[in-house]
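Worksheet: one structure, shown below.
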Amino acid sequence: MKVISSIQELRDQLRGQNRTAFVPTMGNLHEGHLSLMRLARQHGDPVVASIFVNRLQFGPNEDFDKYPRTLQDDIEKLQQENVYVLFAPTERDMYPEPQEYRVLPPDDLGGILEGEFRPGFFAGVCTVVTKLMSCVQPRVAVFGKKDYQQLMIVRRMCQQLALPVEIVAAETVRDEDGLALSSRNRYLTPDERREAPELAKTLQRVRDSVLGGERDLGKLEQHAHTHLAERGWVPDYIAIRRRANLIAPSAAELEAGEPLVVLAAAKLGATRLIDNLEI
């Protein structure tokens with residue numbers, strides 16, 4: 001596996017490749033990330049991964065400086081997955097001058113849920129993903145469903161900007177107790193780690209209620225919010241939305257069996273966790 005930091009060297013290395021499968025990450029890789037590499041291999045060859053902690057998608061009170069950086073360990077994991085190239089640029093490589101141009105998602109998708117609680121987050125994501133796509137020029141890129149809203153925004157962005165890349169969605173990987181794998185799980189204290197699976201269990205109960213015929217979605221959302229708060233969580237949102245556009249479904253759409261997803265974000269101690277389940 002070649003480890004490359006220069007954009008020009010990356011382009012030279014990939015010149016002539018027309019089936020490249022790309023997996024962008026911020027590093028601190030776990031089994032969830034590695035499952036993306038394996039899925040990428042099913043859709044293209046060679047597989048290219050990137051590791052770049054993107055300052056543009058962190059807010060002023062977020063954890064950019066303490067975000068775990070474990071490059072050597074990540075390299076060893078990617079070598080075991082037979083990744084062809086790891087693109088690991090420095091901040092100077094990616095942003096040699098102030099990034100004055102940004103890719104802004106529409107407010108109807110980028111300003112809700114995560115976008116409401118993390119202003120500027122999706123503009124940072126869209127900008128860096130567009131730049132990475134320009135560097136790698138993949139045929140396929142793999143994104144996890146755990147970041148459901150991000151997946152939808154990136155997919156729509158590629159469609160509307162006519163980027164010639166297929167976005168493949170990967171299922172969320174979970175620990176045995178149901179907690180979705182995340183680099184931020186390492187911030188949890190032992191007691192918080194024991195409590196953390198309750199987020200997924202709460203979403204499962206919401207899903208079961210909807211599938212069981214409950215149609216008062218607002219009541220389900222409020223009950224879930226209250227349940228988590230009573231256990232010491234600080235929920236940002238619990239929302240049942242249409243999978244197609246993350247808009248709340250109408251009564252007619254519910255009766256017609258519109259595909260739904262329940263999404264949540266909540267703080268447990270100092271750690272903010274997100275999760276979702278398709279319904």
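Backbone N, Cα and C define each Cβ position, glycine as well.
Worth saying up front: this structure is predicted, and the values here are computed from it rather than measured.
Per Swiss-Prot, these features apply:
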BINDING   26-33, 144-147, Val173, 181-184  ATP binding site
ACT_SITE  His33  active site, proton donor
BINDING   Gln57  beta-alanine binding site
BINDING   Gln57, Gln150  (R)-pantoate binding site
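Known features from Swiss-Prot, placed on the structure.
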residue: Met26; record: ATP binding site; DSSP (3 states): coil
residue: Gly32; record: ATP binding site; DSSP (3 states): helix
residue: Gln57; record: beta-alanine binding site; DSSP (3 states): helix
residue: Lys145; record: ATP binding site; DSSP (3 states): helix
residue: Gln150; record: (R)-pantoate binding site; DSSP (3 states): helix
residue: Val173; record: ATP binding site; DSSP (3 states): coil
residue: Ser183; record: ATP binding site; DSSP (3 states): helix
TODO: Would you mind checking how many other C-beta atoms are within 10 angstroms of the C-beta on Val173 (ATP binding site)?
DONE: 18
- [ ] Using C-alpha positions only, work out which of the recorded positions His33, Gln57, Gln150 is nearest to Val173 (ATP binding site).
- [x] His33
Task: Under 8 Å by Cβ from Ser183 (ATP binding site), counting only residues of that chain that are 6 or more apart - done: Met26, Gly27, Asn28, His30, Tyr67, Pro68
TODO: Drop a 10 Å sphere on every Cβ of the recorded positions His33, Lys145 and tell me which sphere holds the fewest other Cβ atoms.
DONE: Lys145
- [ ] Determine, to the nearest whole angstrom, how far the Cα atom of Gln150 ((R)-pantoate binding site) is from the Cα atom of the residue listed as 'beta-alanine binding site'.
- [x] 12
Task: Cα-Cα distance linking His33 (active site, proton donor) and Lys145 (ATP binding site), given in Å to the nearest integer - done: 12
Open item on the list: Please identify, from the binding-site residues Met26, Leu29, the residue with the sparsest Cβ neighbourhood, meaning fewest other Cβ atoms within 10 angstroms.
Closed with: Met26
Task: Those residues of the chain, 6+ apart, with a Cβ under 8 Å from that of Gly32 (ATP binding site) - done: Gly144, Lys146, Thr172, Val173, Ala180, Leu181, Ser182
Open item on the list: Give me the CA-CA distance between the residue listed as 'beta-alanine binding site' and Leu29 (ATP binding site), in Å, as a whole number.
Closed with: 18
